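*Asks:* Got a structure for you, written out below as structure tokens; questions coming shortly.
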Amino acid sequence: MSPLECSECFGDQLLHRTYTWHLTLHSRPNFTRKRDTRSESLEIPINVVLPQRGTAEPFLRLHNLYPTPRCARQAALPRLSRRVVSQHSYPLNRFSSVPLDPMERPTSQADLELDYNPPRVQLSDEMFVFQDGRWVSENCRLQSPYFSPSSSFHHKLHHKRLAKECLLQENKTLREENRALREENRMLRKENKILQVFWEEHQAALGRDDSRASSPLLHKDNASSLEAMKKETALQAHRGRENSTLQLLREENRALQQLLEQRKAYWAQPDEKAASTEEIKPISSPHEEPHGLLPDPGPGLPSPFEEPKGLPAPPDDSKTLRALREMVSTLSAQPGEEVGKGGPGLPDGSQSLELLREMNQALQALREENQSLQVLRDENRLLQEENRALHALREEHRLFQEENKALWENNKLKLQQKLVIDTVTEVTARMEMLIEELYAFMPAKSKDPKKPSRV
């Protein structure tokens, strides 16, 4: 039964719903003839089929216009003389208006030029079309009711399936390749994070070394800033050294002042004794003492020229203290000369003070030179350690890059090998299928394989 014969015959299908309109065409009376006022009408039933979910767009059906019904159900239905419209009518937007002549014979589908689309349903990956009272796959759709499928159709279907399988296999390989690339990117991100941590630690170490001492070999761009920092540190160290030197000089001056006070007190005692015994003689000044007034003291008495024990002496200035003791011993070895000279004794004390200061300055200069040499040695040692660490890091980074390159090439070769294996497997499967098809077309006798004759 053709889809154009009767739409009521398809009412039992669950995949569409049918709405019917009865279109009546009236012809005007012919006024050319006298008293001929008859009007003729033609009733055309039109069906609109609304597909359910999963089907194509709505389509139009047209009833049979022949006088005799071509379907048993259509013959059993009563004919309506007027237009019947369903409660749930659908707009007739697929109907193409064509001038119809009611005097002619009933027109066909080609004469009406109606746009007809058969119903379609898509299930999984296949499309089904309703044709000749049954649902048929779109790939297996018949062109006419007398069409008989041939082997070429199945061959085409088989090729389509093979193409679909090839596409699925290719998609699978692409997904695997994408997975491998994602894994490789994840590993590279981890390696970059590790290298970044190493680089940050190295930069922090370089910053600490720069704060200690400048490194012109590694930081040529920051030479000016490092020089300024070095100058500031040198100025601070020099100021600290000057402060320590001033402190030492103050302590030495304090010790010398105490020594002079002790000498003055010791010289004043014999003057008082001489004044009490000999009142006639004038009181001599402490600077005009006789030569025999300063004998060597006893073994239990301390010498007035010895350095007091309570004086603070830094442990690092042993040479300075030794020189000071030598100067004090030289001063104590010449007491008679100072007494004989009398008045010029004080200038000699100032000269000894000046000599001590000069010696202290020379010792401070030597100590500063030694400290600067020690600082330079420490800087050189730190620079050598930094160079060794940098060389080790560069070597490790180079080995790491070579290892990454080898891993990447290995992964690439594995992917290529897998693609080749898949291609060979696919070609082998196709060859087997072709051999089976050839055996299917061959007669029964030739199906038995024969051994090839030896030449």
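Cβ coordinates come from backbone N, Cα and C, glycine included.
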*Asks:* With the ranges 84-121, 122-159, 160-197, 198-235 to choose from, which does Swiss-Prot describe as coiled coil?
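*Replies:* Based on what Swiss-Prot states, coiled coil spans 160-197.
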*Asks:* So of Ser124, Ser211, which of the modified residues has the fewest other Cβ atoms within 10 Å around its own Cβ?
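*Replies:* Among the modified residues Ser124, Ser211, the sparsest Cβ neighbourhood within 10 Å belongs to Ser124.
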*Asks:* Quick one: pull the CA-CA distance for Ser124 (phosphoserine) versus Ser211 (phosphoserine), whole Å only.
*Replies:* 73
*Asks:* Mean pLDDT across the coiled coil (160-197), rounded to an integer, is what?
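*Replies:* For the coiled coil (160-197), the model's average pLDDT rounds to 91.
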*Asks:* Residue list, the coiled coil (160-197) vs rest of chain: Cβ under 8 Å, 6 or more residues beyond ends.
*Replies:* 139, 397, 400, 404, 408, 411, 415, 418-419, 422, 426, 430, 433
*Asks:* By the DSSP assignment reduced to helix, strand and coil, which category contains Ser211 (phosphoserine)?
*Replies:* helix
